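A.B. asks: Mind looking over this structure? Questions follow.
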């Protein structure tokens, strides 16, 4: 919480007005910062509340004092994180919520620290280990894992030479049946015993290897002449017979427990057992029940467990990626998709609709990793590098799918693929203008009664949207004015030659007279628009980032709090992020190729309109990571970034993606033309007008968000009941 500044003292009128202006300023400034995960305070060094004149607040009692508007300093843990926050407020840069650096350990709560604690920590105070989570472990893993160890122990005893490992498996069988309150330690064998090859001397009694701890008694053969030979033979028998079976079982436990999230401690224990415990010599492993009177223990503790379930593991992250987030969790699906798609090319194992669904779902984790890589590179680089990376890879997800679909349609001579691409472009535009900000308003409004945002920055995006929509649909309007209306089939309703005719499949033909209208008028207009739109986008970048950067008026500085002196520890270095970015882009191309390869049966056999498939599934699934980021910003009362996410994607669709597709058709002729159906034109223009009306006053609530979402679903219903494009 931000500490409240003391109210100024004065006459009866001054403090009241000053306090009112102060509250207005605080209400605005509180929504500007991405402060949910920073653990730092919001400062307003430029314009203190006391500088707000009483006359200002008297004249604008219902408005915000102009001298106090959005002059905010955000604080971050380090320079890299500050650079990422700064990029979030730059037009044209990808907005990213997650941290790109490791948060300082001292800033984390005790609950989160426990999630990252090692498995060899021994508690000083005991408690009952009989809990619901531990019983769940027993039912899911404990009983069959213990039984498997008993079977492996019997097998190792049969081999004679593997008897020491058989004894180890017997001890581990009792451990994994109920591992809670027990420890696995590594003990050091004295050199004298190592020289004897583990044979007992004298009366056969051994000395304690740990202070206060018993010595593990292992069954061994009599002293052979070459004890080293038998040790090697025992190890070979173990690595060939026992270890592979147990390693496979622990891998299965690890994967299953990791997918269940709350059982991640079980996954960690299984991974450490397979990677270390089972590879140690049996005489160095000690399994024992922990007694509180023996704490602390001498020697190395490998495993110590008290409970199997921790419900707070939804906060757990690996290299900055949350294990509970749906997009990155689908990464194994990419491998399944690629194997099934390219190995089972004749659909012997699965059908085309299943492969299409898998390929489409695989795009979501790849989009997430591409976004994370772009944010990491931009945060660790200067402005020029960040701008180039965002411009190059910011729309790579959508462009990959669009280009592969156009190539397939051109090879097959099927114009339905071009119509699908147009539907996906329109669906992305409408979804990012209506659904993304509307959903963020609704979810953010549940926690915050009223949310404010920077109306000036939203106005820049709105102006660019108006310009881009007008430019994109200019060839369509031109063709409707000068094109020739051609209908596929007409019937005379009144049986009168001069009566009314009912016509079907009507469209404006641009290829009349050998395509004179299209090649002489429409195509030059398309090329002109495709050059002007990117130029307008560059002007918008120069306007918001250079000449009028004060529109955002965001200053971000490092957080220097007492006792917090730390350097940035990035999750992904620049080279690692670049490799992940390139690999994700390559996998994205493969998944997009599989999606377009297996979409044909869906288009031909489905009763759903191709328009609906394009504007919903193909348009919004790749944008799921962006929607998640927008929701997270809205929950932290930072609606400005939630709105900018949708606006930036919509602007990039019109000003970058469509011109790139037009440029691609110049070098690789396809059926794609910048002439859209009437439904696409009306839906896009109505969406942009409605969005500008909602964003006019710079504040919103859940009701306005509900209006945007409802209008979006109404448009989806229109697309659902609309007939498929002509020729499809």
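All positions are counted from 1 along the displayed chain.
Just so you know, glycine gets a Cβ as well, placed from its N, Cα and C.
So TrEMBL has the following annotated:
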- 132-182: domain 'Inner membrane component' (DOMAIN)
- 135-158: transmembrane segment (TRANSMEM)
- 236-266: transmembrane segment (TRANSMEM)
- 354-473: domain 'Sodium/calcium exchanger membrane region' (DOMAIN)
- 356-377: transmembrane segment (TRANSMEM)
- 383-403: transmembrane segment (TRANSMEM)
- 424-446: transmembrane segment (TRANSMEM)
- 458-478: transmembrane segment (TRANSMEM)
- 525-545: transmembrane segment (TRANSMEM)
- 575-595: transmembrane segment (TRANSMEM)
- 577-719: domain 'Sodium/calcium exchanger membrane region' (DOMAIN)
- 641-667: transmembrane segment (TRANSMEM)
- 679-696: transmembrane segment (TRANSMEM)
- 702-722: transmembrane segment (TRANSMEM)
A.B. asks: How many of the residues that make up the domain 'Sodium/calcium exchanger membrane region' (354-473) does DSSP mark as helix, as strand and as coil?
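C.D. replies: Counting residues by DSSP class gives 104 helix, 2 strand, 14 coil.
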A.B. asks: Are there at least 3 C-beta pairs under 8 angstroms linking the transmembrane segment (383-403) and the transmembrane segment (679-696), leaving out pairs fewer than 6 apart in sequence?
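C.D. replies: Per Cβ check, the transmembrane segment (679-696) does not touch the transmembrane segment (383-403).
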A.B. asks: Looking only at the domain 'Sodium/calcium exchanger membrane region' (577-719), how are its residues distributed among DSSP helix, strand and coil?
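C.D. replies: Tallied per class, the domain 'Sodium/calcium exchanger membrane region' (577-719) gives 117 helix, 2 strand, 24 coil.
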A.B. asks: Across the domain 'Inner membrane component' (132-182), what are the DSSP residue counts per state (helix, strand, coil)?
C.D. replies: 42 helix, 2 strand, 7 coil
A.B. asks: Could you tell me what the rest of the chain brings near the transmembrane segment (702-722), counting residues at least six beyond its ends with Cβ under 8 Å?
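C.D. replies: Distal contacts: 423, 430-431, 434-435, 437-442, 444-446, 608-609, 611-612, 615-616, 679, 683, 687, 690-691, 694.
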A.B. asks: For the transmembrane segment (236-266), what are the same-chain contacts with Cβ under 8 Å, counting residues 6+ beyond its ends?
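C.D. replies: Residues 119, 133, 136-137, 140-141, 145, 148-149, 152, 155-156, 159, 161-162, 165, 169, 273-274, 278-279, 305, 307-311, 313-314, 316, 323-324, 329.
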A.B. asks: For the transmembrane segment (575-595), which recorded stretch in the set 356-377, 383-403, 424-446, 525-545, 641-667 gives the largest number of Cβ pairs separated by under 8 Å?
C.D. replies: 356-377
A.B. asks: Hey, which bits of the same chain come close to the transmembrane segment (383-403), Cβ under 8 Å, at least six residues off its ends?
C.D. replies: 87, 92-94, 363, 366-367, 370, 373-374, 377, 421, 424-425, 428, 541, 581, 585, 588-589, 592, 595-596, 618, 622, 652-653, 656-657, 660-661, 664
A.B. asks: Same chain, outside the transmembrane segment (525-545) by at least 6, Cβ under 8 Å from its Cβ: which residues?
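C.D. replies: Here the qualifying positions are 90-92, 387, 457, 460, 464, 467-468, 471-472, 474-475, 478, 551-552, 651-652, 654-656, 658-659, 662-663, 673-674.
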A.B. asks: Other than its close neighbours in sequence, what residues sit by the transmembrane segment (424-446), given a CB gap under 8 Å and a spacing of at least six beyond its ends?
C.D. replies: 398, 401-402, 465, 469, 614-616, 618-620, 623, 626-627, 630-631, 633-635, 637, 639, 642-643, 645-647, 649-650, 653-654, 657-658, 676, 680, 683-684, 687-688, 690-691, 700-709, 711-712, 715
